[in-house]
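For reference, the structure discussed in these notes is given below.
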């Protein structure tokens, strides 16, 4: 377990030694500044240990799944120590892409045809050097779904690929249409409610790697799409297990939260511009069916969805789309072991909209809720470059599902 062991005596001694040797005059020389610094450090340390570093909540719909997680995934019972200098939710969310390393990963790209004539881009990490599973026919496969505008090059995706490589598994990243550089062949992109492309990808994986166990991990909108898929398929899927990170459970609540002034400034406007940039790249094929000039004037995600997404997928109103896209309504129909990780301070998925009571009613579901972590943040350690709390949850659960999955049969 990654932890921060604070010893007040050592902290005081080391800081005092530094100040005595480095600052000889002025305020610190008088001893007043030293007392202030030491007092602040002690107070901050106490606050951190009492109010910030906490064990996560583990909620499950059944005792069997809960016991499995406690035995096979010790991370669910361990105290989460957010990075002490950036534990606030927005700071965690904003810094994660810049602070965490991007492991070197070489993908094999594959384009598969969709039913409407479009194409879907898959990035494979085959892991042919796997010592645990040298036979590619039986090598476990992890399907990864990035967030709203994410691709296989996101740091959180690269970290999961690295964790899977260490376990000897193969990975495939499902890039939503039009976001990873491929040509958009038809006037259609993607949304959280429509799972046709995801179904095609899973069938393709099963058809080509039928003897290998398959599980999936979805992040943010990728997790929402994954839950909506599972809710529609029930037991009719090849997935052995699923883990979902920082999903927005109720889209109405998510968009309302992101429209608050500060969060609109920090996140909403930026994501809207990213969505518009993707539309602009494919303007020649999209402008035949949609008013792109009107779309490019959107200032929020809600306005973008009203002018583009909901129209593309045939919804009478944007509210109808948001209702259909909200995974909270599909959770009761999930029949595959699924672990979810959310932070209570995630402004993308506010705590009052986390479906705790719904999770308790389905024995196939379990949820970890940390007090801090932001949106896809979960930074921990003094310098959180190599690994995050989210990475550890992913690695332990993936290993448990692949290697101890027989224990998860018949959770009801």
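Yeah, the Cβs are placed from backbone N, Cα and C, and that goes for glycine too.
The structure displayed is predicted, hence computed values, not measured ones.
Copied from TrEMBL, the annotated features are:
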type	residues	note
DOMAIN	140-381	domain 'AB hydrolase-1'
ACT_SITE	220	active site, charge relay system
ACT_SITE	346	active site, charge relay system
ACT_SITE	375	active site, charge relay system
Including all protein chains displayed, how many Cβ atoms other than that of residue 220 (active site, charge relay system) lie within 10 Å of its Cβ?
27
On the 0 to 100 scale, where does the mean pLDDT of the domain 'AB hydrolase-1' (140-381) fall?
97
Alpha-carbon distance [residue 375 (active site, charge relay system); residue 346 (active site, charge relay system)] in Å:
5
Those residues of the chain, 6+ apart, with a Cβ under 8 Å from that of residue 375 (active site, charge relay system):
89, 92, 93, 220, 246, 343, 346, 347, 348, 349
